[in-house]
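Enquirer: If you scroll down you'll find the structure; I have some questions about it.
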Amino acid sequence: MESSHIILPPDDDEEEQRRREEEDEDPWARSVLPPAAPELPFSASCVRISRDSYPNLRALRNASSVSLADAAYVKISEGDFGYVLDDVPHLADYLPDAPTYPNPLQDHPAYSTVRQYFVNEDDNVPQKVVVQKNSRRGIHFRCAGPRQRVYFGSDEVKACIVTCGGLCPGLNTVIRELVCGLSHMYNVNKIYGIQNGYKGFYSSNYLTLTPKSVNDIHKRGGTILGTSRGGHDTKKIVDNIQDRGINQVYIIGGDGTQKGAYEICKEIRKRGLKVSVAGIPKTIDNDIAIIDKSFGFDTAVEEAQRAINSAHVEACSAENGIGLVKLMGRYSGFIAMYATLASRDVDCCLIPESPFYMDGEGGLLQYIEKRLKESKHMVIVVAEGAGQDLIAKSLATSEQQDASGNKLLLDIGLWLTHKIKDYFKIKKMEMTIKYIDPTYMIRAIPSNASDNVYCTLLSHSAIHGAMAGYSCTVGIVNGRHAYIPFYRVTSTRNKVKITDRMWARLLSSTNQPSFLSPKDIDEAKETDDRMANRPPLPTGISHHHAASSFDQTASSSSSTNGET
């Protein structure tokens, strides 16, 4: 068995010394991997990489002594003009003799009019599309879609589907389209549902799924398979996959779930199993890195409008009325930002990425008082993760976590309600405040038309990738579906950039102050610069360890959804 591995170039001083000593020797002929590398279960063939073409390569070389096993799963190839393909694992990496079959789609009547049946193997999607005249071509991902040859015969496929984490609009649509896509496109008839998340692999019976049994589930919210947080035991899960003869695993969940999928993928490869793992990223907060957006986000923003409209009606119907709406957004304020921009009735939006303060000149309380005196009412939208530092200062808090390892947040909406009431009581100013928390109403609804289409496309991309032997996460990058390495979508989190024009548009729309001091603005810019140059290393490779050798002047490789 063999797999592609990476030979990384030497540092400038090492390269210069070799040129002086041996002018005619090819500097690429020597590996710079640590001599004490642990033995791998396969031989490594090397890929030639330019030091300047991929910003994390120098860091990866230095970090590889920490976790060479993780580095072995990074597949990177280089082309002309600074082109870099950040590729995904494939069955052929460790099963080079695995047989292939003609893709059944070539005989499918529904595809007979399609101009091009299959995706060219060299087709890929650029991570960054806005470039300058002299820009390098940069990072690319493998384009999603059906391949001419597949690694599974229709009769041998035994697929399973699992949903993990919190609820999100569109989960049932994804399940339905996975089942119907496998059945109708690839003639697969052995499809099973894993009940109640990861722990269902070893604690529940599998549920047989057919196109008939999932025919109308997209009209319902939630997930017919059930879900849970935590419960991930990699070895137990892979033992179960192996014992039951599963060879395609479809995993629907957020960044924690995708990390689990990555661990499952690595364990499968260690055992040499012919199994593909396809991740479909799910987070209602839209904080998955790399991809344009996650499914369910459009539905959440649309439904959030109902709560904002109700808050606006309540506020307008009382003298000095305040409508306070708390929306989802543990670390990222995308729902709050987009719902505010769509509503036009919001006077203040608070998100985790933008610090604010309550008291004193220019503080939130003073702004509320000013707004009420001007308009006699106002609407405030706050993301659930906003202001947690302020609550921690005023209340004794404990670092409790849920089963997924997420910190349990205190109710910012309830805390703000009490702070606002206390302020106006001291001011002896009459006011009425209505607090609305629509979180579980939004999570539990079916997906809208836009998300239904998106879920279908994601599911089909996942099926095509799994049938072709890839193990990866699927998602839209710059409007095109792509196969993305697991570690790329879990190494960082997509956040609202308060230094971008989108946030400036919101401030202009609400006419609210930014609440930012010059120090806050400088820190935000420094954070953007640091994240833009931070190498997207796989899980287990320390960024702290790599930072000492990382060239901060290298071109950005981890642009997410920020606007240029």
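In case you wondered, yes, glycine gets a Cβ from its N, Cα and C as well.
TrEMBL: automatically predicted annotations, no manual curation.
Checked TrEMBL, it gives:
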{"type": "REGION", "residues": "1-35", "note": "region 'Disordered'"}
{"type": "DOMAIN", "residues": "159-464", "note": "domain 'Phosphofructokinase'"}
{"type": "BINDING", "residues": "Gly166, Arg229, Gly230, Gly254, Asp255, Gly256, Thr257", "note": "ATP binding site"}
{"type": "BINDING", "residues": "Asp255", "note": "Mg(2+) binding site"}
{"type": "SITE", "residues": "Gly256", "note": "site 'Important for substrate specificity'"}
{"type": "BINDING", "residues": "Thr283, Ile284, Asp285, Met328, Gly329, Arg330, Glu384, Tyr440, Met441, Ile442, Arg443", "note": "substrate binding site"}
{"type": "ACT_SITE", "residues": "Asp285", "note": "active site, proton acceptor"}
{"type": "REGION", "residues": "514-564", "note": "region 'Disordered'"}
{"type": "COMPBIAS", "residues": "519-532", "note": "compositional bias 'Basic and acidic residues'"}
{"type": "COMPBIAS", "residues": "547-564", "note": "compositional bias 'Low complexity'"}
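Show me how these features fit into the structure around them.
Expert: The average pLDDT for the domain 'Phosphofructokinase' (159-464) in the predicted structure is 93.
Every protein chain considered, the tally of other Cβ atoms within 10 Å of the Cβ of Gly230 (ATP binding site) stands at 17.
Taking the Cβ of Asp255 (ATP binding site) as centre and 10 Å as the limit, one finds 25 other Cβ atoms among all the protein chains shown.
The Cβ neighbour count for Arg443 (substrate binding site), using a 10 Å radius and every protein chain shown, is 20.
If you draw a 10 Å sphere around the CB of Asp285 (substrate binding site), it holds 30 other CB atoms from the protein chains shown.
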Enquirer: Looking at the binding-site residues Thr283, Asp285, Gly329, Met441, Arg443, which ones sit with their CA no more than 10 Å from the CA of Gly166 (ATP binding site)?
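Expert: Matched binding-site residues: Thr283, Arg443, sequence order.
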Enquirer: Taking each of Thr283, Asp285, Gly329, Glu384, Met441, Arg443 in turn, which of these binding-site residues have a Cα lying within 10 angstroms of the Cα of Asp255 (ATP binding site)?
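Expert: The binding-site residues close to Asp255 (ATP binding site) (Cα within 10 Å), listed in sequence order, are Thr283.
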Enquirer: Measuring Cα to Cα, tell me the gap between Thr283 (substrate binding site) and Arg229 (ATP binding site) in whole angstrom.
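Expert: Cα-Cα, rounded: 13 Å.
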Enquirer: Out of Arg229, Gly230, Gly254, Gly256, Thr257, point to the one nearest Gly329 (substrate binding site) in space (Cα versus Cα); all of them are binding-site residues in the record.
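Expert: Of the binding-site residues Arg229, Gly230, Gly254, Gly256, Thr257, Gly254 has its Cα closest to that of Gly329 (substrate binding site).
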Enquirer: I'd like to know which of the binding-site residues Gly166, Gly254, Gly256, Gly329 has the most other Cβ atoms within 10 Å of its Cβ.
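Expert: In terms of Cβ crowding, the pick is Gly329.
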Enquirer: Using a Cβ-Cβ cut-off under 8 angstroms and a sequence gap of six or more, which residues of the chain neighbour Met441 (substrate binding site)?
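Expert: Set apart from Met441 (substrate binding site) by at least 6 residues yet with Cβ under 8 Å, we have Glu303, Ala307.
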Enquirer: Would you mind checking how many other C-beta atoms are within 10 angstroms of the C-beta on Thr257 (ATP binding site)?
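Expert: Summing over all protein chains shown, Thr257 (ATP binding site) has 27 other Cβ atoms within 10 Å.
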Enquirer: Round to the nearest Å and give the CA-to-CA distance linking Arg443 (substrate binding site) with Arg229 (ATP binding site).
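Expert: For Arg443 (substrate binding site) versus Arg229 (ATP binding site), the Cα atoms are 16 Å apart.
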